[in-house]
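Swiss-Prot lists 13-271 with the feature domain 'Protein kinase', giving sequence analysis as the kind of evidence. Taken from Swiss-Prot, the feature ATP binding site covers Leu19, Gly20, Lys21, Gly22, Ala23, Phe24, Ser25, Val26, Val27, Lys42. According to Swiss-Prot, the feature active site, proton acceptor maps to Asp135, an assignment based on sequence analysis. Summarising the annotation, Swiss-Prot assigns phosphothreonine to Thr286, Thr335 and lists similarity to another entry as the type of evidence. Taken from Swiss-Prot, the feature phosphoserine applies to Ser314, Ser317, supported by similarity to another entry.
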Amino acid sequence: MASTTCTRFTDEYQLFEELGKGAFSVVRRCIKINIGQEYAAKIINTKKLSARDHQKLEREAKICRLLKHPNIVRLHDSISEEGFHYLVFDLVTGGELFEDIVAREYYSEADASHCIQQILESVNHCHLNGIVHRDLKPENLLLASKLKGAAVKLADFGLAIEVQGDQQAWFGFAGTPGYLSPEVLRKDPYGKPVDMWACGVILYILLVGYPPFWDEDQHRLYQQIKAGAYDFPSPEWDTVTPEAKDLINKMLTINPAKRINATEALRHPWICQRSTVASMMHRQETVDCLKKFNARRKLKGAILTTMLATRNFSAKSLLKKPDGVKESTESSNTTIEDEDVKARKQEIIKVTEQLIEAINNGDFEAYTKICDPGLTSFEPEALGNLVEGMDFHRFYFENALSKSNKPVHTIILNPHVHLIGEDAACIAYIRLTQYLDSAGMPKTMQSEETRVWHRRDGKWQNVHFHRSGSPTIPN
C-alpha cells in the first residue's frame, strides 16, 4: 500500500453522492478532474479494519487489477490515504440484471441464454486468469447502463481467490447459502467448478424465476444441494427446451470433476446456436415469479441492513451461527465466509493444552509466558475470592507442583471454543487429571474450567479463568 501521507485521491478526484453502503465502506460517485470521467469510488475506513481485513482488501485489489473484460466491473485505481483506502471502479448505472428483467415487456429463453452467455464470458475470463469468484449470485450481476441491450457486469470480488491451474484445495467455507456447491458443503477441496455450480443455479432462476434448491431450514437446504436434489416440475418446465435443461444438468453435476467448465459451456448449442435452439416464446410466468423472488431478496437485505445499522453488529457476528443452530433461508442471499474458524478454534485448544502442560510440569516460566501478568481467576484454592496477578499461583508452582515427581496425565474433554471477534476467544472444557497417590494407587481428579484468551502482538495470552471441582494439585 502507498504511504499514509499520500493525497492522490483527494487531489485527482472529486466526490459526489452516495451510491451504496457496507459495514466498513461507502460507495460514492466521483469524477476524475483532469478528464471529466465518472467512476464509482469504494471508500474503505481502514482505521476500523483488523489485520485480516487489511489482507482481504489487498487481495481484492490485486485480483481486480488482473481482470480486464467488458463483462466485469473494472478497477481503474487503488489509492491509500490516511485512514482510508479508495478503490476506483467503473460506474455502472443499470442496476441489477434481475431487476431489469422484470421490467421488460418481453422476456424469452433466448434472452436468458444471452444473459448467461455474458455471465459465462466473465467467469471464463476469471478462470483463465486463475481467479475463482466464489460468490456468484443475482446481487453481483449488474448492468452497465439503463440502455436497452446494456452489457451484464460481474461485480464484488471480496471473496475471490487465486488458484494455480485446476488446483483443488480447501479455501474455507465461503459463499451464499443457496448458491453453494456440494463440495464446499462437504468441506472437500474445491476450485473453479464452484463458480460453474453457481451459474447453474442462476440459469435455473433465469428460466423459471425460482431457485432449484430451497428450504426454510438451512440444514435441509444443504442436504438438498449435497444430493443434487432438483427437478424440472410441470407446467413451467414443459415449455423449456431440452437443450436448456441439458446445460443446467451439466452445470449442476455433483461431481466437480465431471461438471462442465466455462469454455465448454460457451460452446453448448443452447448458447452458441441461440437463434435456432433457444425458444423465443415470451415467459410471463417466469417474470411474475422473478418479481416475487426479487422482493424476497430485497426484504432480506433490508432486514440485515437495519440490524447492522441499529444494533451495530458486524455482518460476521450475525452470520457465524453456533453449530447445530437452524437458520431459515430468509438470509439465503447473504454472503457468508468462514475461512479459518476451525483452524482458530484448534489454535485455542492447543494453547490451552500447552498451559496445562506447563502446570503439570511445574514450569512457572512457561506458565507466565502464556498468561497475562494481570490474569484474574476464580478457583477452589482461593475459596471463592477473585485472584489477580501471578503471586497466588507462584506459591503452588514453587511449593507443590515443582516438588511433585509423580507422573501426571491430563485429558481435556468436550472443549467448546467461542471466538469473540478477531483477537479474543473463550474455551470451556472438563479437565481430567490422572496421577498416583502416595500409596502408589491410581487416582483421577475432575475440574470444570473456562478460560478467556486474548491475542496481543500475534500471541495468545490467558487473561481470565474460572475453575470449579477439585483443586489441581494431586495429593
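For all residues, glycine too, the Cβ spot is worked out from N, Cα and C.
Bear in mind that the values here come from a model prediction, so they are computed numbers and not experimental data.
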Rounded Cα separation (Å) that holds between Ser25 (ATP binding site) and Thr335 (phosphothreonine): 16
Assigned element (helix, strand, coil) containing Thr286 (phosphothreonine), judged by DSSP: helix
C-alpha spacing of Leu19 (ATP binding site) relative to Asp135 (active site, proton acceptor), in angstrom: 21
Candidate nearest Thr335 (phosphothreonine) in space, where candidates are the recorded positions Leu19, Lys21, Val27, Thr286 and distance is Cα-Cα: Lys21
Nonlocal residues around Val27 (ATP binding site), in sequence order (Cβ under 8 Å, 6 or more apart): Glu18, Leu19, Gly20, Lys21, Ala40, Ala41, Lys42, Ile43
In three-state DSSP terms, the structure that Thr335 (phosphothreonine) belongs to: coil
Cβ neighbour count (within 10 Å, all chains shown) around Lys21 (ATP binding site): 13
Tertiary neighbours of Thr286 (phosphothreonine) (same chain, Cβ under 8 Å, six or more apart): Tyr107, Leu206, Leu207, Val208, Gly209, Glu236
Which of Ser25, Asp135, all recorded positions, has a Cβ with the fewest other Cβ atoms inside 10 Å: Ser25
